[in-house]
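These notes are about the structure you will find just below.
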Ligand SMILES: O=P(O)(O)OC[C@H]1O[C@@](CO)(OP(=O)(O)O)[C@@H](O)[C@@H]1O
């Protein structure tokens, strides 16, 4: 049975129009929405108007600009900015049409009602639903932090010194403030909008109607910008891993227990001296091997999630890849041909896992420091969300046993580090297109399982 995505069910096309002064985290929110929706197989793309504006400047041979360019009384600046928005909108309309886009994001300040009305007109003419997403922020500390985090590294300030970039940017904000018109329920009553006040200390919603809109609302409501670390680990090597059997609910092997015992030390070392008292929340699946792996961790908040259980292999549960290839050769091939979509007889596909992980992602966005101990397939899906790995690649990523992965989300990327426990383990990785036959008489020493801890995450 096919799994339909939200866009199939509703047949809607939406443009999220960002609103807000510079340095309010709009681009960050826009990119996160694209990543989240793409992970859910909803075709989405961000159109950053600043990039269009810079391309126009380049074409006109105008070098770096200063704040005066953004003065509403500067006709040249206004001309470029207007052209840039028109080009971005044009590209977006083509994308909706030619590439069956579902959610386009218009990333710009869109800070006046006049500009917003013009955008609405274009969108409505093209049968695209506008949803405004304003990031309103009057907390000066947050604004300054944002300027330091990202704006001073912006392409507009290449080669400029930090103090000049900061001062010039503050001046640019002041110029925008002159004409800024925030979204207002009494004036913009007919528009669909989400207004986030100081990240999400207050959220104002107006006319949220479709299911897709409500997913976007729910997602942005859960975002926070506090620095944090997300640790991911597979369970320690299990008895089934040793015999090459998939699924099941087996216990850890002797080496798996060694990993479980070493895990607290690996986490502490990675947290570093100054953060050694950080209280981590620990999530596991409901299966014995993940809980055994968590059993030596000194943290009080431990939660089991059914949604973190391994891919359900249905009729193949408990079999080795060799046995599957022997008994169900067509299935074995079909899985190799399209591993993301292939659903085990009576079991699940990778796409099914992503759907059941959605609430986990929502909750994960709300969390601060966390350690998740789960399984190969589930970990691939979680990793794909954070690192924006395309669907067709994610089921083929190699995620070795006995390796702790640390993710540190930053404004525009996530920093990844891998901490190896230095405890040998079998490799459970099966390469695409490789037959397992001929190895069936010696399942514990199959070629793929001999490789000990020498693979890293790809890509
Ligand atoms: O999708 P593939 O690559 O088969 O990987 C998923 C498989 O990984 C395994 C190990 O081979 O997970 P687990 O980490 O729980 O031991 C199997 O149980 C599961 O079916």
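Cβ from N, Cα, C; glycine included.
The domain '6-phosphofructo-2-kinase' feature in TrEMBL is assigned to 6-227. The average per-residue pLDDT of the prediction over the domain '6-phosphofructo-2-kinase' (6-227) is 92, rounded to a whole number.
What TrEMBL records for 234, 235, 236, 237, 238, 239, 240, 241, 289 is substrate binding site. For residue 240 (substrate binding site), the Cβ neighbour count at a 10 Å cut-off comes to 19, with all displayed protein chains included.
Residues or ranges marked as region 'Disordered' in TrEMBL: 430-459.
Annotated compositional bias 'Polar residues' per TrEMBL: 434-459, in sequence order.
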Intrachain C-beta neighbours of residue 234 (substrate binding site), sequence separation six or more, cut-off 8 angstroms: 373, 374, 375, 376, 379, 399, 400, 401, 402, 403
DSSP three-state assignment for residue 234 (substrate binding site): strand
Neighbour tally for residue 236 (substrate binding site), based on other Cβ positions within 10 Å of its Cβ: 29
Chain-mates of 234, 235, 236, 237, 238, 239, 240, 241, 289 with C-beta within 8 Å of site centroid, substrate: 250, 252, 253, 256, 401
Whole-number Å value of the largest CA-CA distance among 234, 235, 236, 237, 238, 239, 240, 241, 289, listed as substrate-binding: 14
